[in-house]
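Listed in TrEMBL for this protein:
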{"type": "BINDING", "residues": "679, 683, 781, 785", "note": "Zn(2+) binding site"}
{"type": "COILED", "residues": "833-874", "note": "coiled coil"}
{"type": "COMPBIAS", "residues": "79-88", "note": "compositional bias 'Polar residues'"}
{"type": "DOMAIN", "residues": "102-824", "note": "domain 'Alanyl-transfer RNA synthetases family profile'"}
{"type": "REGION", "residues": "79-102", "note": "region 'Disordered'"}
């Protein structure tokens, strides 16, 4: 066997595996191929007889042959080399005959089943787009239960278990560099809402770890909060963990808080020890080479008050999180999370496209493959949950990850889509593998695959178009920064303006710019970048109306005020009792005339803003026995807070309003009808869009207002005029059909099975309201609607535009707003006809003729101005003077009064031609108030001396409060300080004479 040693192993089901290792005397560096049958359990990456390659370990990081044999034996789907930074598993292989499957899907299901058998209800993962304005993305398994933990919503079940999709990007730089950091991961959790507490949580966590998953007890270490004697005693005396494997840790590591104030409590964590042979001395649970934390138990038992003191909670809760990827790494006995069957098939696909072998790749290539494997999961699940690439908010997160993956793929040498198209996008090919693995993570991903792949293809190709130009510019800027630092003896740094230019113009996320710069030893002025970014946000970011109910103690209010009973589906007027009044967020007993107030009623006909529909307007009336009004409150907005409490915001117009008073709550019927019309029209619009441009399009936001409707949807291009016309035709046809709407309440699963569409960003309970236009539309919706489509009267699209990459927006009017829109347009058309003295059908032709006449007149004026400028130039050409001895260079620096920029350019071109080579011309003018124009024109002979017009004109323009640049032979610039033009030209003349005298002597 040429010096090879061999061992015969038995794997799980008793089938044989032959592993061949080079002997210590062998100098061969080649890998050895070995074969083994498919394991009894199914695997996403094991089919039939599979060839595996075992790379030879570097002597500097090689574990013992014994360790290699054990690792080869335990990995059921792949044998891979071990990075130097990771300690290999050296545990004797436990008997897996009772539990042959350790796939990620199996680990997830076993966790859920374990807690379901202990009375927990299995709840689905919530979206990565949370129903929580305080966080951008879902970062933890407990997020969907946060209102319950904070006492703002009642519990639906006493105990629950979930597998939650999560996104965290704060550690994106560590992805691939450590064994455990990810942007996308799954958090398995079990939760108790005032039901069981520490004893049960600890007992079940231990039972799950040691019995269900079969982890050796001697490898498990425990951390507890330094003051939590109760938890330590449970672990030690009831579970039997030796005290030497229980470590007390401080507040930073083992105490959870929801904020400055509110629910909080100690944590207890379970760690797996990869190297128990290192003993018990000087143990650091943060040592990644030895330990991995895989389970965190939070004991929510206190309320943190304003003064920092802790008081016991009336309802104690349990919140836990077990990292699926971490547990898969432990059970599958691989060196890091990336080599589990949850991520490795994605890495394999990237390796195939890059034409490299992960097993034999160097550390840099491995790092890049891990980054792609990680980022592609995050990208696919974000797009599936409705997050599309853009330059703000969540959209920026996914755009940043996509561009980071594209650049990483380029570093690996990936070219083309792997199907023969060398100019094609490669991310969709890798995304297909992510989608293939998504079945048990999110069953809806596969149905959204066409949209995901199309969005990835479009975003990648768009980025590649600017990537090369941006890379060249960045390379140039880095070279200049290094040269400047060398000349000045300073630390090389790239300005914030340049970093922002790369971000804003060339699509480079600043993180990528930072990475590339760091590779060249250049830092980034992040303060300068942040200033530029903030300036852009001020100019371009749309305003957001954030409504916040600010009260002294939300939890107390939630206990005192019951949920508001909504009567508005059936009535626009109702008797109600004032349960609470607030002024400036503080509870009061009575409010006087002229004051703004927030009113909480026990019941109301007012619709509170939700599902895109704005809140109702109307009045609250307080009357005495003889029906005489004693108080009138005008309501201008209604919002939901603390779960389902309606907050009526208004002003006291007459009298005094007091807590406990009975009021007549009356909704403005005209405005309600407008909202109903627009809301139903929105449903029809979504149905028409799906029919015309494809079923894969989906809602990305909406606004149902009194004067118009707005509908955002996912689509990659502007709609054609013919498509808009078809959409309008469909909707107006459905309106004309006079179809009766059907509204019913049913279980959520039944509604989804019936084909009901969920509204973007909405959170649903077990029972949902379904609004159906038979044969046209069926949606889950809590909004108000017309009873018959004929009430809509008519529908008109007034605009269609892009608001972000892959997101379009339609604004439209219907009903009374449609009539007002048409009347306003008719008024303007009549006025236009009167002004132009033509009929309505002749307006377009007449305007086109006027525009053409204006264009011709402007061109004629420009030509005359250019001729006048050339004439002036011919007069001043005599002012040119000569510089230099060995070579005489003609120089002309003059002010040309108020000539415009284009004419100034014509004058400069005339002069360099007239003066002949070599010649240098600098001209300036003040064409308008507060405006300066500058031109620099150099002939070839001057440029050959190393003087460039583009670089020369910049400092001159700076003196005039501006800037500019251009080619070596011709450049233009501008400024905002005409009063400085004479001194700027004088400096230009002096500098030009000095430079040319030196060069031409």
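Using N, Cα and C of the backbone, Cβ positions are placed for all residues, glycine too.
Nobody curates TrEMBL annotations by hand; they come from automatic prediction.
Using a Cβ-Cβ cut-off under 8 Å and counting only residues 6 or more beyond its ends in the same chain, the coiled coil (833-874) has close neighbours at 896, 899-900, 902-904, 906-908, 910-911, 914. Of all Cβ atoms in the shown protein chains, 25 besides its own fall within 10 Å of the Cβ of residue 785 (Zn(2+) binding site). Cβ contacts within 10 Å of residue 781 (Zn(2+) binding site), excluding its own Cβ and spanning all protein chains shown: 27. Sitting within 8 Å of the Cβ centre of 679, 683, 781, 785, and not among those site residues for Zn(2+), are the Cβ atoms of 676, 680, 682, 704, 771, 779, 783, 784. Computed over the domain 'Alanyl-transfer RNA synthetases family profile' (102-824), the whole-number mean pLDDT of the model equals 89.
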